[in-house]
Every structure is written in structure tokens, then in C-alpha cells.
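Asks: What TrEMBL lists as compositional bias 'Acidic residues' is B:296-307. Annotated domain 'PDGLE' per TrEMBL: B:225-335, in sequence order. Here TrEMBL flags B:292-314 as region 'Disordered'. For B:7-28, B:40-60, B:72-98, B:104-127, B:139-161, B:181-203, B:224-246, B:321-341, the entry in TrEMBL reads transmembrane segment.
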Amino acid sequence: MANIADSIYNMRLLDDLARQETLIHKLHPLVKLLTTVSYLTVVVSFGRYEVAGLLPLFFYPVMVLALAELPLKPILLRILLVSPFIIGIGILNPVFDQQTFELAGKEFSRGWVTFLSILLKSGLTVTAALLLIATTGMDRLAGALRILKVPRIFVLQLLLTYRYISVLMEEVARTLRAYSLRAPKQKGVHRSAWGSLAGQLLLRTFDRAQRIYEAMCLRGFAGEYHSGEINKISGWDWAYLGGWVAFFVLARMYNIPLLIGSLLTGVIR
Amino acid sequence: MHMADALISPVVGGAMWAATAGVAAYSIKKVQTEMDEKKIPLMGVMGAFIFASQMINFTIPATGSSGHIGGGLILAILLGPYAGFLTIASVLAIQALFFADGGLLAYGCNVFNMGFFSCFIAYPLIYKVLMKKEYSTTRIFLASVLTAVIGLQLGAFGVVLETLFSGKTELPFGTFVLLMQPIHLAIGVVEGLVTAAIATYIWNARPEIMEKASSGETIGNISIKKVVAGLVAAAVVTGAGLSWFASSNPDGLEWAMIKTAGTAELEATGGLHQQLSDLQSKTAFLPDYSFKASEEEPEPSGGEGEEAWPAVDGGTSTSGLVGGSLTLILAALVGGGISLMKRRKYRINS
């Protein structure tokens, strides 16, 4: 999250993607939220030596990606961006778990299995979270939170934060550009300007908040943020949720790749 | 400090979600009763400010490197702990959703590590106490650095504990602590220095903002005690409930704790996936993983609660490899097929 332009671009991209009208986008936001949460729970509930059992769970992101007509590249990029920390922690597993096992005639440390398992889980969970926002959008997701009885203040606050991020990021970008033009050959903000640069921005933020509040009051703000109609949950929505949850439970209980594999190798034998 | 979903277990994630929800509910009640609604847009815009200001790189003197702020402390200073906590929570929600910075299941952990410790422990117990008498540049400086350092140390320790209880890494407790705490000492000092610079500037330019913030709420020790008590209760009930529901031994989480602390060796597994993998080993691990025999393999005989290392032999790993590759190929084919069909439909339509 170092680069402002990248961050603004990323948020706008996800906003844009969420505005499509595909099969997945039309689903009820609450259904998508619940599906995502059950998916994440199932993925992280796998033991640390599990690799093969996780593979059937690839079906969910692949299907949603395809049905929602989302581009693969930005999501893969995001996975790469967040993986250094995961790799940093996971790469120590082969160091600490030296017990070995044999696969295809070669010896491997068990730690590599746990490492691979963490990597898979990381990729799957990051993708699932991004798919949720890329097919739902912030406003509709906030609607789902309201249906779940998340307090009004929090949802309102979340939406306001979201709404003003791009405004304030642009302001920060302008300020930093102005600063860097006046402070050549300098990597960051010099100590002498720490307080005044960030403090000025903060004071402007306070004033902006005041103006926003007054504008909201003039337009009849009475404590509720209306983000448009959200339809009732239809039968099709329930079927979507039920179908996926049933699949996740099956994939959790049965090691599907192993079953397929043993069936095939058994037949060959 | 953002934790990812891949490193936590459902039990830890669920318990921390419950604890965070408890603190958030209490904070919302406080904000509703004690503040005017003017503060809501302020909270929203301040959240956006924190988000944006994390992009500013502050050059750290004499090191050549630069750092950015997390913002938990400045929020607590300017908005008070309750509104500050809620604002941090919404910033983290947006980071998790749009940037995959921290997972959704780990969201409870992240809000707790980055919001609770700075807003409800470090801020009232250090910053408020040091700033009680008077405002001065030196005092703001001292209080900010100390508060930021302690808040971040607690947060980093939270990360260590949550990761270890989840049992996904093999990192021994000591190594992990030695990795996390010193790094966050440095981060905490930077956070404190930048926060102090901003707070001093605001104090000089618009002292009424600081005064209003600090006089607005009565942060007596009682309310803090209430928060902590409620929170501990919520976490314990959920943790215990989840573990009981989840594991064959009712005190799975406690067991994991003792085991971790006692042997410094990571065998901890949360309760839920233990039971699920028991279930799995009963249903799926047929002898030799082929369909020839019908007897069930006895339950994994590893130590109590120890995760079963599947007894892999040459044949089964071949089955796993073949089946695994087939599953992935199938998934790719399904996805590719749908995309192809969609594209063709567009071409026909256009």
C-alpha cells in the first residue's frame, strides 16, 4: 500500500468491477457474505499437513471469477503483494520441522508440506475476500451488514470512511507532490516538516468534516445513510448459498482428489 | 501487523471476533450516549485521513530509511478511545476488503491488536495519565512515544499469541517473540515520534481540538475495567464454547496454551479442525486409500489432540498427486469453459 496512485487505482477498479450485472453480481449481498465466510472458515479449518484436500476448494474462486466475468490479473497481483509476509513466516516451517517423508522416490521435509498448505490457504482466502467486494461493492455490502443488525453508527461510519478515502488520498497526493517539488533529492518527508505537513492535512480534514456534516444536515440527514433498495433474498439466492455450503462441507469431509486418484490408480492397477 | 487468514484457526479467529464485537458494541453505546452526532462524519473522514496518511513516508533521521504511521494513537488522542476504536475498525475493514491487508476471519484479531491495545490500554493508562496535569511540547512528546511503543508491543505480542494458538506455523514461541517485539519497538518509536509531531502541531495551531477531545469523555478506571471484564468474558465464553463444540477434549484451547508455553514446541491445533480432521480420517482415510478394503482405519494414534500426519506411502502419494492434478485441471477447465461461453455469447450479441 505504498503508492498512492496504485491504491486509488485499485479501489476504483474494484468499484468498477462491482458495478457489473452478472449472475453473481445480482445475487443478494448477504448471501455472498455468508458464502464467503463459510468458505473462509472451511479453508482455514484444514489441518496444517493438508494439501490435496484443499484443491477442490479452487472450484469456488474459479467459478465465481468466470461467472462474474472478473479479470484474473489484478487478483493474482494482489495475492503476490500480500504474500511476502506469509512466505516470511511459512518459510521457517521447513527449518523447524525437519522430519522427512518420501514422495515419488525423493525425500522431503514435512515443513515443506505445511508451507505449501499455508501458501494455498493464503491464496484462496485472499481471493475469496477480493471476490466478495469485487462482486458486491461497498454500498450493498453495508446493506448486508445492516440486515445482520450491525449498528447503524458503525455502518454509517464505514461508508463515510470509504466514500472519503479517494478524496483524501488525492489531497495527500497533491500535498506530497507539492512537498517533493520543493524538497528535491529527498526520499520522504523531513523531520522538520512531520508535524506541519500531516498536521495541516489533519486540520483541513477537521474542517472538511464540519462542512460535510453541515451539508448532510441541509439535505435532511437524520442519522441514516440510504444506499438504495436491496431486494429480498430469493429462492435462487438460497440455492446458491446452500449449494456452495454443501460443496464446502463435502470437500472438508472427504479428500476428493485422493478419492479420484485412488479410483484411477486402482482401475489402472 | 496485519494478520492473514491463512495463519489463524477458526477457533482463534472466532474468539477474537467475539471480543472485538464486544468492545465495538460497548464503544458504539458510549459514542451514542456521550457524543453529539457531529462526531460521526468526523469519525468517517478521520478514518479516510488515516488511510490516506499511511501513504506519507516520513524520513527517519540518521537511518536513511522511512516509515509510515498506523494511526491508532492519533485517533485515540483526537477522537477519544471509543470513537478512535470504531474508526480504526472501519479503516481495517476497508483494508481487508480492498487490499487484502489482513484477512476477514482474522479481522477480529487485527482490530484487537491494532485498535484495542492502543485505544483502551495504552491510551488511558499512559497517555491520559501523563497528560493529566498540563499540556506542553515535552509532555506530548514523552506521552506519545511511550504510549505508541507500549501499544505496539502489546499488539505485536497479541499477534504472536494468536498465531501460536492457531498452530499453523512451526515457529517456536521464543523465536517468534524475538522476531516480532524488536521490530515493533522500532515501529513504535517512529509511530510515537510522528504522532508527537502531529499532536504538537495541532496543539499549537488549534488547541481547542485537543482540549475538547481530552475533556469530552470521562475515562475513569471503572469504564475501562468494565470493558476489559466484558471482553475477557466474551472471549472466554466464545473460545470455550467453540472449543467444546469443536473438540473431543473440552479444553482444547487451554490445552494448546499449556502445551505451547510448556514445551515451546508447536503441536497446538485449534479444536474445530481437530474434530473435523478426526471426522475426515474416519470417513475418508480408508486403508491404503483405495476402495479394495472396507474396514475403517483406527483413529490416528498420535498424542492427545496431535494432528494426524497421514501415514503416506508410495501408492497413496501417487493417488494424491494424480487426483490433485486432475482436480486442478478440472477446475481450470470449468472456469475456462464458462469464460469462453460468455465471450462467445457477447460476440454473437454484438
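Heads up, the Cβ atoms here are built off N, Cα and C, so glycines get one too.
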Asks: Could you name the stretch, out of B:40-60, B:72-98, B:104-127, B:181-203, with the greatest number of CB pairs under 8 A to the transmembrane segment (B:139-161)?
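Replies: Answer is B:181-203, with the largest number of Cβ pairs below 8 Å.
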Asks: Is the transmembrane segment (B:321-341) packed against any residues at least 6 beyond its ends, judged by a Cβ distance under 8 Å, and which are they?
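Replies: Beyond its ends, the transmembrane segment (B:321-341) has no Cβ neighbours under 8 Å.
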Asks: So, taking each listed stretch (B:40-60, B:72-98, B:181-203) in turn and counting its Cβ pairs to the transmembrane segment (B:104-127) that are under 8 angstroms, which one gives the highest count?
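Replies: Answer is B:72-98, with the largest number of Cβ pairs below 8 Å.
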Asks: Please indicate, using numbers and ranges, the residues of the same chain that are 6 or more beyond the transmembrane segment (B:40-60) and have a C-beta under 8 Å from a C-beta there.
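Replies: Sequence-remote neighbours of the transmembrane segment (B:40-60) are 31, 66-71, 74-75, 78-79, 83, 86-88, 90-91, 94-95, 190, 194.
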Asks: Below 8 angstroms Cβ to Cβ, which residues of this chain, lying six or more residues outside the transmembrane segment (B:72-98), approach it?
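Replies: Long-range Cβ neighbours of the transmembrane segment (B:72-98): 2, 20, 23-24, 26-28, 30-31, 34-35, 39, 42-44, 46-47, 50-51, 104, 107, 110-111, 114-116, 118-120, 122-124, 127, 144, 147-148, 151, 191-192, 195, 198-199, 202, 209-210, 213-214, 216-217, 219.
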Asks: On the 0 to 100 pLDDT scale, where does the domain 'PDGLE' (B:225-335) sit on average?
Replies: 53
